[in-house]
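*Asks:* Take a look at the following structure, please.
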């Protein structure tokens, strides 16, 4: 009996090492697929090349997205509300496709190859947009939409087809790139190393700094080029910026720590749900040891470098229904059961983590709906105001979005240099405050952006209708400044939260959930515009709704902004409940692979 017990314990130990160590041994490889060397691969040096791609790609996509409504309205001659929806649907699709890019990367291609392929897809979209904007035969005849009162010829047929093909090539490329840029840069640091963990937090701030730099250049230099030299030249410059980003990515090839793909990331998740449903009539045992894989729920002695010293894998009581997927047969045998009928505790806990982050994700959708207004209606708002800065110089309305990024260029380094070290002394957290606290601060501040926007729009409209005066365009600057400050907290906090809560082999996909929040926010914006027009049309005497007219002086954009302010406040209160409910699962540090492979014929104690 003693010999048999020793044999069983030895097998359990082997399974633990294999299931927890194999993925780690393969977690970091160089561009040739060889194991990475700590002194040669990764670190901030490698991450800089990815950050350059982040900045250049953002220059290209921001120059298109932030001024796209002007091109769609003035050149393609779509009505104002339809133009706003085209822009929000485009940007929403960009971020929704980030899920596709994250899945493709984690499952089949890896971050580097995914970025390379879809970088060229995005580049081709920019080039096609530039060609259409340059060739008059590919666009409707010139016409002033403000003076024609809806008589301009709208783009249809092959002209519209070329436009949408180009636009969604850009969306496919950019969407697939975004989560991989973040995860590839973050993969250059080890989360289970205390020194590297601090650098990882710094990297997320640098990534946002690169984002701000790209946005700033796009909203000043590139928008100015679009305004003075034409959209064709502007789109061409976006293509050039994208090309420079791809060159930067390639330059860092030999330095990258690459995480190889692990096959379908959804199969283990599906197995948990199938097994739990199959055993739905079973009663969860009170004794944890009766669950399959419970031998892993113990302090780990740094097995194969996977677990940090003293860390544990904790079973949680949330979503107890899923624990039924771990119930063994009554005879105690688990070898004969299929993975679709029996899962490990760690596998179930990972699915619980995925479910737990969904409410946090949902609370950021309204935040991104507000962002959609700043890129659409606020730009149109600026076109109705006095844009003259000097006698011969006018500010392009889209360039107002550069104001928060000018501020953030200084605030982000200050946040990293001063705020983080100061708060770190009180909280003991590597990032100063937790990612969830950072997101909450941002969501609270965002409400005031819409309050400010509503007050300014009411003042602008009254001046235009009652006094025949035009307000300076700088009156709408505060709403951009306030939202920029909120974005510094929310955007970076959310990316850091999802990456640090991500599971081994799912970094890109979970990071993509951050961008998916942008997508839902922009889609919700389109839905809200349509619903508001439909609901308010019956009470608006002949105006057809708050946002139905091409003339903002006749629309009630101020009321729409008040509606968003109210939704934002309700969303923040909801977030307080969700963030209090969420608990950081210790099983994430160390990160346990979602896949627990059982290689045949491999003995970790006897590799030969």
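Positions of Cβ are set from backbone N, Cα and C atoms, glycine also.
TrEMBL annotations: computationally assigned, not manually curated.
When I checked TrEMBL for this same protein, it listed these features:
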| type | residues | note |
| --- | --- | --- |
| TRANSMEM | 42-64 | transmembrane segment |
| TRANSMEM | 84-105 | transmembrane segment |
| TRANSMEM | 112-131 | transmembrane segment |
| TRANSMEM | 160-182 | transmembrane segment |
| TRANSMEM | 203-225 | transmembrane segment |
| TRANSMEM | 237-256 | transmembrane segment |
| TRANSMEM | 353-378 | transmembrane segment |
| TRANSMEM | 398-418 | transmembrane segment |
| TRANSMEM | 439-456 | transmembrane segment |
| TRANSMEM | 476-498 | transmembrane segment |
| TRANSMEM | 510-532 | transmembrane segment |
| TRANSMEM | 559-577 | transmembrane segment |
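A description of the local structural setting of each listed feature is requested, covering burial, neighbours and distances.
*Replies:* For the transmembrane segment (42-64), the list of distant contacts is 28, 36, 94, 115, 119, 122, 126, 129, 170, 174, 177, 181, 184-185, 187-190, 199, 203, 206-207, 210-211, 213-215, 217-219, 222-223, 226, 234-235, 237-239, 241-242, 244-246, 248-249, 251-252, 255-257: same-chain residues at least six beyond its ends, Cβ to Cβ under 8 Å.
Residues 61, 65, 68-69, 72, 78, 111, 114, 118, 167-168, 170-172, 174-180, 183, 261, 265-266, 372, 375-377, 380, 508-523, 525-526, 529-530, 547 of the same chain lie 6 or more positions beyond the ends of the transmembrane segment (84-105) yet place their CB under 8 Å from a CB of it.
Counting same-chain residues at least six beyond the ends of the transmembrane segment (160-182), those with a Cβ under 8 angstroms from any Cβ of the stretch are 50, 53-54, 57, 61, 64, 76, 90, 93-98, 100-102, 104-105, 111, 114-115, 117-126, 128-129, 132, 138, 207, 495, 499, 508-509, 511-512, 514-515.
Within its own chain, the transmembrane segment (203-225) is flanked in space by residues 44, 47, 51-52, 54-63, 66-67, 181-182, 185-186, 188-189, 233-234, 237-238, 241, 396, 398-402, 405-406, 408-409, 412-413, 415-416, 420, 431, 488, 491-492, 495-496, 499, which lie at least six positions past its ends and keep a Cβ under 8 Å from the stretch.
Counting residues 6+ beyond its ends, the transmembrane segment (439-456) has Cβ neighbours under 8 Å at 360, 363-364, 367, 370, 373-374, 378, 433, 471, 475-476, 478-480, 482-483, 485-491, 493-494, 497, 558-559, 561-562, 564-565, 568-569, 571-572, 575-576, 579 in the same chain.
Within the same chain, residues 182, 201, 204-205, 207-208, 211, 357, 360, 364, 367, 370-371, 374, 378, 381-382, 385, 400-401, 403-405, 407-408, 411-412, 415, 431, 435-439, 441-446, 448-450, 452-453, 456, 460, 510-511, 513-514, 517 sit at least 6 positions outside the transmembrane segment (476-498) and bring their C-beta atoms closer than 8 Å to a C-beta of that stretch.
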*Asks:* What stretch in 112-131, 237-256, 353-378, 510-532, 559-577 has the biggest tally of Cβ pairs under 8 Å against the transmembrane segment (398-418)?
*Replies:* 353-378
*Asks:* Taking 112-131, 353-378, 510-532 as candidates, which has the most Cβ pairs under 8 Å with the transmembrane segment (559-577)?
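*Replies:* Stretch with maximum Cβ contacts: 353-378.
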